[in-house]
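**Q** Right, I'll just put the structure down here and ask away after.
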Amino acid sequence: MKTLPPSPPMTDAAADSLDDLADAAKTLGHPHRLALLQAVLQRESTVEQLALGSGLSITNASQHLQQLKRAGFIQSRRDGKHVLYRGGAGPVSEVLSALQDYLSHQRQEMRRVAADSVNRPEQLEAVSIEQLVAKLDEGALLLDVRSREDYAAGHIPGAVNIPTEELEPHLAQLPRDQNIVAYCGGRYCVLSMRAVALLRARGFQAQRLGDGFPAWKAAGLRVEARRH
């Protein structure tokens, strides 16, 4: 297989930029904060109004609002005895819209892959972590279809790495007398669905790990990484 050249080293400025991006993403990574942000983007509101509309306590809503404010997603102003919250400066609405568009795209892609490749409803049925462990004990081949960089950073022990886009030229290397379980980066990753669709179309026995590598790691199971 072709070896890709190493990635250039990351500059301090680029690393700082990614840290800032990660902090912003972490702030948005809670459904309550997203709900509050959507509400203040619609109209300026007090914490009491926002708490009532979101079903949160005033204390809880206030804590989430402060996190959004620190990250610049919302602003506040005082009006007499009340503090009113509104959307922050900059393309805050566009950020939310982009996230919603991305999730919609991923869901549509998953439905499209399933519809295009499945002749029977069970064909792309996902297996759980427990089922995967049992299948590995029975001799199944575990196929990591993520990028080589992701595989090197951490993978399920014993997994063979063939990225989805490179799979077709390497089908001859795969056993036809073993069950194959493919996995990728999580529930909304379609790489394993594409891989399983291709494998089944070519006569292989294949399934996918439903929640992918993140679920394996979250379960506290052993992970291997390639040392440089």
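The backbone N, Cα and C atoms fix where each Cβ goes, and this holds for glycine too.
I grabbed these lines from TrEMBL:
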type   : residues : note
DOMAIN : 13-107   : domain 'HTH arsR-type'
DOMAIN : 136-225  : domain 'Rhodanese'
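Walk me through where these features lie, including what they touch and how far apart they are.
**A** For the domain 'HTH arsR-type' (13-107), the DSSP counts in helix, strand and coil order read 65 helix, 14 strand, 16 coil.
Here the domain 'Rhodanese' (136-225) returns a mean pLDDT of 93 for the predicted model.
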